[in-house]
Amino acid sequence: MAGDAGTAWVLRRVRPLGGEPVDVLLADGVVAAWRPAGSTGPDSDGLPPGTAFLDADGLILLPGLVDLHTHLREPGREDAETVESGTRAAALGGYTTVFAMANTNPVADTAGVVEQVWRLGLDAGHCDVRPVGAVTVGLAGQRLAELGAMATSAAGVRVFSDDGHCVSDALLMRRALEYVKAFDGVVAQHAEEPRLTVGAQMNEGVVAARLGLPGWPAVAEEAIIARDALLAGHVGSRLHVCHVSTAGSVEIIRWAKAKGWQVTAEVTPHHLLLTDDLVESYDPVFKVNPPLRTAEDVAALRAGLADGTIDCVATDHAPHALEDKETEWAAARPGMLGLQTALSVVMETMVIAGRLDWAGVAERMALAPARIGGLPSPAADAGSSIAVGAPATVTLLDPSPWRVVEADALASRSRNTPYAGRSLPGTIRATFLRGRPTVLDGKIV
Amino acid sequence: MKGHLLSTEDLSREDALLVLDTAERMARVAEASVRKLPTLRGRTVVNLFFEDSTRTRTSFEVAAKRLSADVINFSARGSSVSKGESLKDTAQTLEAMGADAVVCRHGASGASHRLATWVRGSVVNAGDGTHEHPTQALLDAFTMRRRLGRVDGLSVTIVGDVLHSRVARSNVWLLTTLGASVTVVAPPTLLPLGVSSWPVQVSYDLDAVLPKSDVVMMLRVQRERMSAAFFPTEREYSRRYGLDVDRAATLPEHALVMHPGPMVRGMEIASQVADSARSTIVEQVANGVSVRMAVLYLLLGGGSGEVA
C-alpha cells in the first residue's frame with residue numbers, strides 16, 4: 001500500500017538538486033540507492049517486495065524543508081489554525097519539520113505546553129513539529145521562563161523566542177543568551193525596539209507619509225540587532241535574528257559575522273518579494289510585522305541570502321481568522337500565510353533570478369535551519385543530505401508550472417495569503433518523511 | 001466624476017475644477033430665497049461618523065438637505081473591543097438600507113477605502129485617521145479662489161502638525177494639482193520622514209516664509225503631542241510656529257489666513273489674527289456646505305456639472 005511506512009519507493013528519473021536524472025530508491029527510511037535514470041523497473045534486482053514507483057521525470061529532489069518560524073496557533077486560536085491544518089500546509093509546501101512559535105494561548109512557556117504541541121504534531125503526522133519555547137513568562141519580557149525544563153522535556157526545545165514581542169530589556173536578553181548555553185539552545189530574537197514602534201502600522205518612509213499611517217522605522221530593528229550581536233559576542237552565545245527586513249540589518253549581521261560571533265539570521269519569503277507600496281490598497285492582508293519594506297531593502301535581503309549573510313529562509317507563517325483581517329488597517333492583526341508558497345517565492349526571487357542554485361536552496365531552506373534549530377545529525381552539505389544513507393526525508397518539486405495562488409485552495413484554516421491572484425512558479429508533487437510519503441501527487445497522503 | 005471621493009491624491013485637475021465650478025453654482029443657491037434644489041429627491045445619504053465631529057457632520061447634513069436628499073445620521077462610535085468588526089457590520093447594515101452615499105469619518109487611516117470595498121453606494125471620505133480629508137481641501141481651494149480669484153500660481157504655506165494632519169495631506173495634493181506652490185512649515189518632529197517625496201518645499205522657519213505667502217494655513221496642534229516629545233512646551237511651540245500679531249504683520253497685504261478648525265487660540269494662532277479681516281475662518285465654514293453639495297451632486301446626481 002502506498003503510504004505504509006514500510007513501503008519502498010523508486011523515484012524514477014528524479015533530478016537530485018536539479019542535476020542529471022537518476023532513479024532514487026527510498027527504503028527502510030533512508031535513501032537506499034541511486035541508479036541510472038530509467039534503469040529501475042518492477043523486475044529490477046534488489047528491490048524490496050511491494051516497492052512503489054513514482055514517475056519523477058523533470059522533478060527536482062530536495063531534502064525536506066525545515067521552517068524555523070511557524071505559527072500553528074494551537075492551543076488557543078484553533079479557529080485560525082491547528083497543529084493538524086498547519087502541518088498539512090507545511091507538508092504540501094515541501095516541509096518535513098516546522099518550529100512552532102510560542103505565542104499561543106496559553107503561551108508555550110512551560111514544559112507542559114511545549115509537550116502538548118509536540119504531541120499534537122506526532123498525532124497529526126504530516127511533519128515533525130519542534131516547539132519553540134518562550135524566553136520570558138507569558139512573553140511579558142519580565143522574567144525568564146523555565147528554559148531548562150522545556151529543554152529537557154519530551155519536546156526537547158532548543159530554540160527560544162518571544163516572537164511577536166522583542167526581548168527589549170538588555171539585561172534580560174543577556175541572561176537568556178547566557179543561560180541557554182547549558183543545553184546548546186539559541187535565542188531567536190524578534191528585533192523591534194518597542195519605544196520606536198509605538199502605534200506603528202507600516203514601514204516608515206515615503207509610502208507611510210502619503211497614507212498617513214504611523215511608521216515602523218528600520219532603525220527599530222537595526223538597533224536591537226546591533227545590541228544583541230554585541231551581547232552575543234560579549235558572552236559567547238548563539239543569537240538567531242528572526243525575519244530580517246532591512247538593508248541596514250543585513251549590513252549589521254555581515255559585520256557581526258565578520259567579527260566571528262555566533263549570529264545567524266532568517267528572512268521571510270514575503271520580505272524577499274513584496275514591498276510597502278502594496279499597503280496603498282489599505283488591505284490588511286499586506287499587514288505584517290516587521291512590515292513590508294522598500295525595493296532597496298528587498299534587493300539587499302536577496303543579496304544577503306545569496307552570499308550567506310542571511311543563513312536561511314523562514315516563513316513566519318501567521319494564520320489569522322477572517323474577522324482579524326477584514327477590518328480597517330489599524331485594527332487588523334499582522335501576519336501572512338507562508339508555508340505553501342515559500343519555495344515558489346524563493347524559486348522566483350533567488351533561483352530564476354540566478355542568485356542561488358538548487359543546492360543553495362537546500363542549504364538555505366533545509367540544512368541551515370536544521371543546524372540553527374539543533375535538529376539531530378544534520379547533513380554536512382546539500383549533496384550528503386540526499387546521498388545514499390541519508391534519511392529519506394525529501395521533497396519533490398515540479399519547477400515548470402506557474403500557478404495562480406488561490407486562497408481557498410490552501411490547506412490552512414485561514415485565508416490571509418498576500419499572493420492571492422499572483423502567479424508563482426513551481427509546485428510540490430511529493431514529500432517523504434523518513435521514507436513515508438506525506439504528500440503524493442500534490443495531495444496529502 | 002463618479003464612484004467615490006476617498007482622497008485628493010487621485011483627483012484629476014479636471015475633476016477638481018468641476019467640483020469647484022459646481023460649488024460656485026451651489027453657493028448661488030445658498031444666496032437665493034428658496035435655498036433648496038430637488039436634485040437628490042428620493043436619494044439617501046448616510047452620515048457615518050465614528051469620531052465626533054459636529055461641524056463636519058452638520059455641514060454634510062445641510063448640504064444633503066439642500067439637495068433634497070434623505071439624511072440619516074449614523075453615529076457609530078466603534079466599540080473599543082472590535083472596531084474592525086463594527087466597520088464591516090455597519091457597512092452591511094447600510095447596504096441593506098439602500099444608502100446611495102455614505103459620508104464616513106473614522107479614526108483609522110484608510111477606513112473609507114475599506115468601506116468602499118464593502119458597499120455599492122458612493123463613499124465620501126469625511127476624514128480618515130491621519131490620512132486625508134478631501135472635502136476640507138476642496139473647500140479651502142474654493143475659499144482661496146473666491147477671495148483671490150485663482151489657485152494656480154499661489155504660494156500657500158501650511159503650518160503645524162503636518163505629520164498627524166489629514167487636512168495637510170489633502171491640501172498638498174489638491175493645491176499642487178491646481179497649480180499652487182506649497183510650503184510646509186513645522187518642527188522636524190511633526191513632519192513625516194517621507195515628506196521629501198512630496199511636491200512641496202519644507203521649511204522649519206516660519207518667519208522666512210511668511211512674507212512670500214499668499215495664503216497661510218494654520219493647523220491645529222494637539223497639546224497631547226507634548227507628552228510624546230514632539231515639542232518641549234506649548235510656549236516654545238507657540239513662539240516658534242504660532243501666528244501671532246507681529247508675524248501676521250509680515251504677510252503681504254492681500255494674504256489670507258486660514259484654519260480648518262477647531263482652533264486653539266493663543267497656541268497656533270492669536271485671537272486678533274483669527275478674527276482679522278484677512279482671516280477666512282468663518283467663510284470656510286459657509287463654503288464647506290457649497291463644496292459638499294457639489295460633491296454629493298456630482299457623485300449622485302449627474303456628471304455633467306449642469307445645475308438647474
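Counting starts with 1 at the first residue shown.
Heads up, the Cβ atoms here are built off N, Cα and C, so glycines get one too.
Where the annotation comes from TrEMBL, it is an automatic prediction and has not been curated.
B:Arg105 is the only one of B:Arg28, B:Arg105, B:Arg235, B:Arg239 that TrEMBL places in the carbamoyl phosphate site (with B:Arg55, B:Thr56, B:His133, B:Gln136, B:Gly261, B:Pro262). The two recorded residues, B:His133 (carbamoyl phosphate binding site) and B:Arg166 (L-aspartate binding site), have Cα atoms 5 Å apart. Comparing B:Arg220 (L-aspartate binding site) with B:Pro262 (carbamoyl phosphate binding site), their Cα atoms are 7 Å apart once rounded.
Secondary structure at B:Arg105 (carbamoyl phosphate binding site), taken from DSSP and collapsed to helix, strand or coil, is strand. Considering only the binding-site residues B:Gly261, B:Pro262, the Cβ with the fewest other Cβ atoms within 10 Å is that of B:Pro262.
Among the binding-site residues B:Arg55, B:Arg105, B:Arg166, the ones whose Cβ sits under 8 Å from a Cβ of chain A are, in sequence order, B:Arg166. Under the DSSP three-state reduction, B:Arg55 (carbamoyl phosphate binding site) is assigned to helix. Sequence-distant neighbours of B:Thr56 (carbamoyl phosphate binding site) (same chain, 6+ apart, CB under 8 A from its CB) are B:Phe49, B:Arg105, B:Ala126, B:Gly127, B:Gln136, B:Gly288. Of the chain residues outside the carbamoyl phosphate site list B:Arg55, B:Thr56, B:Arg105, B:His133, B:Gln136, B:Gly261, B:Pro262, B:Ser53, B:Ser59, B:Ala126, B:Gly127, B:Val167, B:Pro260 have their Cβ within 8 Å of the site's Cβ mean position. For the domain 'Aspartate/ornithine carbamoyltransferase carbamoyl-P binding' (B:4-145), the DSSP counts in helix, strand and coil order read 67 helix, 26 strand, 49 coil. The Cβ of B:Arg166 (L-aspartate binding site) has 23 other Cβ atoms within 10 Å, all protein chains considered.
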